[in-house]
Amino acid sequence: MTKYRIMTFDGGGVRGALSATLLKRLDEQLPDLIKKTDLFAGTSTGSFIALGLAFGLTPKELVELYSVRNCRFIFNSKYPELFRPRYNNKNLKRVLSKIFPKNLKLKDLKRKVVIPSFQLVGDNGEEWGPKFYSNFLDSDTKNAYVIDVALCSSAAPIYFPSYKNHIDGGIIANNPSLAAIAIARDKKGANQKLDNIYMLSIGTGFNSSKIMSDTTTWGVFEWTLQQDPPYPLLNIFFDGNMETDSYYSYQLLRNKYFRLNPKISKIVDLDDWSKIPYLTSLAEEYNIISVVDWVKKNWK
């Protein structure tokens, strides 16, 4: 049996620092992990990691992408969010332009990728719907620019403006595992049998949010703008489909699926760059023995 190995990365803003640091530790112990991976998939902040790996960046370089300096620069110039996005995306684009050449297209990447986003209107005026960017030979998105794809996948409503009529892929697939399985199975994708697919899914930390208040009288303001927890409806979308996709993916792949997603004891909003030292420390101290053993057994 020919194995088809997929590595996926969730959305979560600055919590990508956790994913990148976990990946760096795995790479140090498993030097063939990235080399043997057939497909990288990432949503929102996870798209930066997936695209970076497909381009040839090292985990150490990706950890640097999530430095306090970079994230503080990205989440600068905060605006009141009632009538406009909290941030513009100019600083994010500048940071991405330092690691990806301006004219780099998906088809130019060394490795295969899947990047979810949500298109508000189709290219020819069709209705809105999910958009999955990939660079397989028969993909109709392989000519898209890498920086554009990253900005499309990470355009989180409220935080960033939409980009080229796209918003954050986390709206429909904050954990891109299921999307990656689907495209790996598709005849226009990798055309793989389900039995061949193995998956390592790396999260941005399980954020143990909860709503203790009585929500029976909540309206538009409370569900969308209140800050305890912040933007509850948006974060329910992100966190809810993240765990749902994990459940579905496990049911499809069973022991061929491993989910690495440490619990976060603090609430970390996607723009809270001050929590990056906490996230990297958590990732450095987290016990990865079980995932290392699983990879040694299944990534041969």
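Cβ atoms here come from the backbone N, Cα and C positions, even for glycine.
Feature list (source: TrEMBL):
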ACT_SITE  SER44  active site, nucleophile
ACT_SITE  ASP168  active site, proton acceptor
DOMAIN    7-181  domain 'PNPLA'
MOTIF     11-16  motif 'GXGXXG'
MOTIF     42-46  motif 'GXSXG'
Q.
For a three-state summary based on DSSP, what are the helix, strand and coil counts in the motif 'GXGXXG' (11-16)?
A. 4 helix, 0 strand, 2 coil
(Q) Give me the count of other Cβ atoms within 10 A of the Cβ belonging to the residue listed as 'active site, proton acceptor'. (A) 32
Q | Per-region confidence, the domain 'PNPLA' (7-181) (mean pLDDT, whole number) | A | 94
Q: Using DSSP, break the motif 'GXSXG' (42-46) down into helix, strand and coil residues and give each count.
A: 2 helix, 1 strand, 2 coil
